[in-house]
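Below: the structure, in structure tokens.
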Amino acid sequence: MELQEVLHMNEGEGDTSYAKNASYNLALAKVKPFLEQCIRELLRANLPNINKCIKVADLGCASGPNTLLTVRDIVQSIDKVGQEEKNELERPTIQIFLNDLFQNDFNSVFKLLPSFYRKLEKENGRKIGSCLISAMPGSFYGRLFPEESMHFLHSCYSVHWLSQVPSGLVIELGIGANKGSIYSSKASRPPVQKAYLDQFTKDFTTFLRIHSKELFSRGRMLLTCICKVDEYDEPNPLDLLDMAINDLIVEGHLEEEKLASFNLPFFTPSAEEVKCIVEEEGSFEILYLETFKAHYDAGFSIDDDYPVRSHFQVYGDEHIKAEYVASLIRSVYEPILASHFGEAIMPDLFHRLAKHAAKVLHLGKGCYNNLIISLAKKPEKSDV
């Protein structure tokens, strides 16, 4: 089965769906000030046609209500900054392209658009038709838009997904090289970590080169992804998956060869690795780069626009929160895991993951690191 066929969130609106488990959480809330600053710099740059129509893309948008909450933040930031900077009575039209792979559940987003537009008009004063939302399916490691047609590209929790499993893992190192793990973890051998870093370097370089061509000169890009830091000693969500899978092997429910032959196309870079790749590729100037921590159960925070899921108790002990963590991780990773390990074992897998999450939460741990980077496309020499 092709990777792009299984690299998507759980579809629909069931208890294990991404739509029901993802939420506007504290991690995304921390991004909003950076988003506003990025929009402020964008509007000051006075790019072509920006006063009439601002063209934006959300790369790796996923599905469900959370997608439109990101769109809401972008629209609110544009309107807020526009009023502060230019005090314009006539707001520019905002055209937003939602991008993800072809198998993404775009329909779950489209169904929410009528109510989203009405709410935007009621709360932001944006008339229906002044914010245009459409889909642009396809891999963001390939071209999506015409040259010099976009003002702002946004991506949150997507660029850590690779275009493929590092080829060197199996071809050069052999099956089972990454023993006991499904990704490039702290426990992985140096050759495995290098194979993953090489693939990320190749993919992220391609990402920057391709999308720099789609942006106007001095256009902006804001990226957020999970990252690693040297002193970080807490298990992240993928470490919990490793623990749960190894439990099933020890208990005899899963063959060790199944784990040995599976590697997730996912890499958590360090801030320095990202910085070096951007500088080496050369199309962008780094405006700022920061890291911040988010907690596993950050999604328990309540957003007025996001009703809390009824099948979870918002306030409770570690076991209740651990169930939420397990369901959220399941909604993201189940399709690709089920394609390799089988659907039948998924309930047991995430039941064990919840137990490990509860232990981590009980110890007062359970954070993962995030990286946010703001980039400006360097002007061509003729534009200087």
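Using N, Cα and C of the backbone, Cβ positions are placed for all residues, glycine too.
According to Swiss-Prot:
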BINDING   Tyr18, Cys61, Asn66, Asp100, Leu101, Ser139, Phe140, Cys156  S-adenosyl-L-homocysteine binding site
BINDING   Tyr157, His160, Trp161, Tyr368  theobromine binding site
BINDING   Asn178, Phe262, Asn263  Mg(2+) binding site
SITE      His154  site 'Involved in substrate discrimination'
SITE      Phe266  site 'Involved in substrate discrimination'
SITE      Glu343  site 'Involved in substrate discrimination'
From recorded positions Cys61, Phe140, His154, Asn178, the one whose Cα lies nearest Trp161 (theobromine binding site): Phe140
Separation of alpha carbons, Phe266 (site 'Involved in substrate discrimination') and Tyr368 (theobromine binding site) (Å): 15
Theobromine site shell beyond Tyr157, His160, Trp161, Tyr368, criterion: Cβ within 8 Å of Cβ centroid: Ser158, Val159, Cys225, Ile226, Phe266, Thr268
Fewest other Cβ within 10 angstroms of its own Cβ, chosen from the recorded positions His154, His160: His160
Coarse DSSP state, helix versus strand versus coil, of Phe266 (site 'Involved in substrate discrimination'): strand
Distance, Asn178 (Mg(2+) binding site) to Ser139 (S-adenosyl-L-homocysteine binding site) (CA atoms, angstrom): 27
Alpha-carbon distance [Asn66 (S-adenosyl-L-homocysteine binding site); Tyr157 (theobromine binding site)] in Å: 12
Environment of Asn178, Phe262, Asn263, the listed Mg(2+) site - residues of the same chain whose CB lies within 8 A of the CB centroid: Val165, Leu169, Ser181, Ile182, Tyr183, Leu259, Ala260, Ser261, Leu264
The one of Asn66, Ser139, Asn178, Asn263 whose CB sees the fewest other CB atoms within 10 Å, among these binding-site residues: Ser139
When distances run from the Cα of His154 (site 'Involved in substrate discrimination') to each of the binding-site residues Cys61, Phe140, His160, the nearest one: Cys61
Largest CA-to-CA spread of theobromine binders Tyr157, His160, Trp161, Tyr368, angstrom: 16
